[in-house]
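K.L.:
The structure follows.
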Amino acid sequence: LDFEQFQTLQLGVTASDSGNPPLRSNISLTLFVLDQNDNTPEILYPSLPTDGSTGVELAPRSAEPGYLVTKVVAVDRDSGQNAWLSYRLLKASEPGLFSVGLHTGEVRTARAMMDKDALKQSLVVTVQDHGQPPLSATVRLTVAVADSIPEVLEDLVSLESPANPDESSLTLYLVVAITAVSCIFLIFVIVLLALRLRRWSSSRLLQAASGLAGVPPSHFVGVDGMHAFLQTYSHEVSLTADSRKSHLIFPQPNYADTLILAQETCGKSEPLLIPEDSATVLGKCEPTDIQQAPPNTDWRFSQAQRPK
């Protein structure tokens, strides 16, 4: 039975015999349920925020001893002495600065504030009942020592409760994972752009090469080129006995390639422009292949034309 649900029970008892006629008697019983200390004290104020942070109480630096800072309010669903609650200051960042009422739960200053006192003061108050065994609950208070709210707002970050180490580690892992994924994605984008740029450059080179393939080769190149047209002019003077004039014979221009084979070079006149490779070609002519031409009879004088 739970005392919080049933405090008393009413029972009716009937006793009868086996005679004829049977005789019976009735009695009413009342059962009182005793309370057991099975409920922990429940703290109503200060209520814990849902985000896990703690509330902040304000205490001016000019506060005198006995100044009421806040009050811890708690209840116990048990009854009797099991519901009697007592309040004690379990831990304080500055011992001797605050005190807690034993039965009221009031948090007051025990002495005047000094300049060396920190801006943030942390208090841990425990609430305990008088059951057997006693049950207790604790609450953490944060007291800001300042004369005005704007002064407190400047240090709100320092007044926040320390974060859970497990949550901090999880946050660190998430940040590292997001950073790694971002770096991998950035490297992938850079590699993709490099491949696209290389493919575009190759296509441009292929287009340029295909355009040059359609242009016919030029025959007019420099001395070190592969082809050149040369015009060789020659003349022949012919004097005869019955002619007093010289006849100049101009043959048609002879356009010859500068790249002359060895067997053709040895039998023809020397061209005007000789490429570098022509020395090699001329060097291939054997001395036995070069023969002296017979004298031209046209240059000889007859016996009548000789001077006397």
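Yeah, the Cβs are placed from backbone N, Cα and C, and that goes for glycine too.
Where the annotation comes from TrEMBL, it is an automatic prediction and has not been curated.
Taken from TrEMBL, the feature domain 'Cadherin' applies to 1-43, 60-164. Marked as transmembrane segment by TrEMBL: 170-195. The region 'Disordered' annotation in TrEMBL covers 287-308. Taken from TrEMBL, the feature compositional bias 'Polar residues' applies to 289-308.
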K.L.:
Using a Cβ cut-off under 8 Å, which residues of the same chain at least 6 positions beyond either end of the domain 'Cadherin' (1-43) come close to it?
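P.N.:
Residues 72-80, 82, 85, 127-129, 131-137, 139 contact the domain 'Cadherin' (1-43) from elsewhere in the chain.
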K.L.:
With DSSP as the yardstick, break the domain 'Cadherin' (1-43) down into helix, strand and coil residue counts.
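P.N.:
For that range the per-state counts are 0 helix, 20 strand, 23 coil.
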K.L.:
Grab the pLDDT values for the domain 'Cadherin' (60-164) and give me their mean, rounded.
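P.N.:
85, rounded to a whole number.
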K.L.:
Mind tallying the domain 'Cadherin' (60-164) by DSSP state, helix then strand then coil?
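P.N.:
Across the domain 'Cadherin' (60-164), the residues distribute as 13 helix, 42 strand, 50 coil.
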